[in-house]
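Swiss-Prot lists 1-11 with the feature compositional bias 'Basic residues'. Feature annotation from Swiss-Prot assigns region 'Disordered' to 1-161. The annotation compositional bias 'Polar residues' is assigned in Swiss-Prot to 17-26, 122-135. Summarising the annotation, Swiss-Prot assigns compositional bias 'Acidic residues' to 44-53, 60-72, 82-114, 151-160. Annotation source Swiss-Prot lists compositional bias 'Basic and acidic residues' at 141-150. The repeat 'WD 1' feature in Swiss-Prot is assigned to 447-488. Per Swiss-Prot, repeat 'WD 2' is recorded for 490-528. Summarising the annotation, Swiss-Prot assigns repeat 'WD 4' to 617-655. Here Swiss-Prot flags 701-740 as repeat 'WD 6'.
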């Protein structure tokens, strides 16, 4: 049978209003104590299970008793006994304090609650003083089975959630127009999203903008209440979120600190607790038997055995044994690379194709001082039988070098990266899209008997002039390849340069220690006559030249014999001239004498027939010089570096670092912002003068020394000539946008020259108008590529 406990509840009869007022006056003095007691002992709640406050009021002043089961169902009325009266009086005294608090807290809200609740289910609370004081207790009515059990209460926290997608990242719905689904499986459309201007206007106009947040589940904007703001402030200030929580409540001693003399449990001990353990007896007997038989050893004996097994200890004096290098050498050894197996060339009777012919033997002997350049470190030999093979003379040396490699060269494992070759190659435009540029050889100018060192083109592009080691200067017609005039000199012609001024017809020829200014007598006759009139007489000058300049250079008119050949002015230097170059206007020209020390570079003015030495100290062995096409700047190239000087301020502007062994030549872009440098160590260097003093790009397109390099005056082209008999034409576009880097694309390799005495192409020069290029070589020819 289900046990039912009778719950006694007392219902008190109503009292008059005056009596209630007198009770409230008596409780005013104890207000603070009642509030504190209410916090400590909240008392009973008058709310039933279904959330409706109900009160029962009797129709008489007698005390009534009711019985109810554990579920709160009404069982009936019962008379109170004497023992129950005493217990009820004690309960009433405790409940009076609770009634005072309830009256103060709900005094203002009772009248409103009366209007809201039905008249049949509510009654007024009454308070009395005396021994028979009682409180009104709510009697739960029976539930109507026709209504839902949880009609007026929330049964789940999830029923209020509109979006049913669950606890997932909401950015999954960024690409969709909806943000989830409601309880009816309908899409929750995202609210319209404003731009930054709308947000700014709302921030200005809406006073509640600062407390508006966006719900990530629905995308709607939620207005935070005052309670939410207070909660956020408390959390932000590191306080307890619940404001009703008292951090300083009186300590409640749940467990006593006094030592209890009586035991917690009063269970008599078992009989076996007084008897010795049988299992321990067996264990001890086994240990005694093991000691007698010698199987079991003492602690000292065990430590002694461990010490003998470990053996003597050795310590590293300078490093630990747990280092990475020690572990690698012990646990991850790297085996020595094996020597290559012998091939057919190392046989005592190799096939005939592996034996050297005269040309291969000469090439092999040529690298006697540089054996690392040889394809084979030995010369294959053929013997009739194995017994005729002599002892190998380099056996001990090779074994010695092998031993050095084994114990001196560090070993390491390298992870091979599988990188596609196309990924490493930069994406460049197709050469077909970069036309026009020279692709074929059109003409060969033959006539010199020795290597041709220099070539220069007339400003109008009709004639060329060449200088050779056969001590002659030849003038050629470009279109026909016919030699118009040959001028003999007394020494080797190192350099020729046609004046860039189209109003003058002058050629500067560097031969030995003399610089000849020649009128070629080709082209317009009026222009030829004007040039002769200009160079006929020396202009008067009041400037007194120093002895330093007089000993270095002397101006003079040509002899009558040379006048007939076209020579007009002779400038004699104190050292052999290597290079001559013109200024863009055609009035100044510079010469280079590598052996001249601090007077290696000289600048000559044609109109005033005077010279000047720009440098008083030698900064190195000068190789070549160059004028800036626009600015009054002077480029001086030594063996390793290039210095740029301002001729007006007479100061050093910039020093370019080439990181090369020996500079052979240089050429400047027509705009003057980029410089090309050729070196004898097979490199071409592109300098961006506005970017850095180091090369913007280093090109290694040739297999041998690069002797000459040149920019085209009109087209974005440049070319280089090398001792590998090749002329490489490249595309070099320089953009007006300073933020865009130059575009460099190799286009064509023209290799038609013949190699003589280890020399190939000696000089290259562009046609001033057409995309044509002239090259001179050691094969005594001049070749035109178009």
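Each residue, glycine too, has its Cβ placed from N, Cα and C.
Beyond the ends of the repeat 'WD 6' (701-740), by six or more residues, the same chain brings 431, 434, 436-438, 664-671, 673-674, 676-684, 686, 690, 746-755, 758-766, 768-769, 771, 773, 775, 777, 785 to within a C-beta distance below 8 angstroms of the stretch. In the predicted model, the repeat 'WD 1' (447-488) shows an average pLDDT of 93. When the repeat 'WD 6' (701-740) is classified with DSSP, helix, strand and coil residues number 0 helix, 19 strand, 21 coil.
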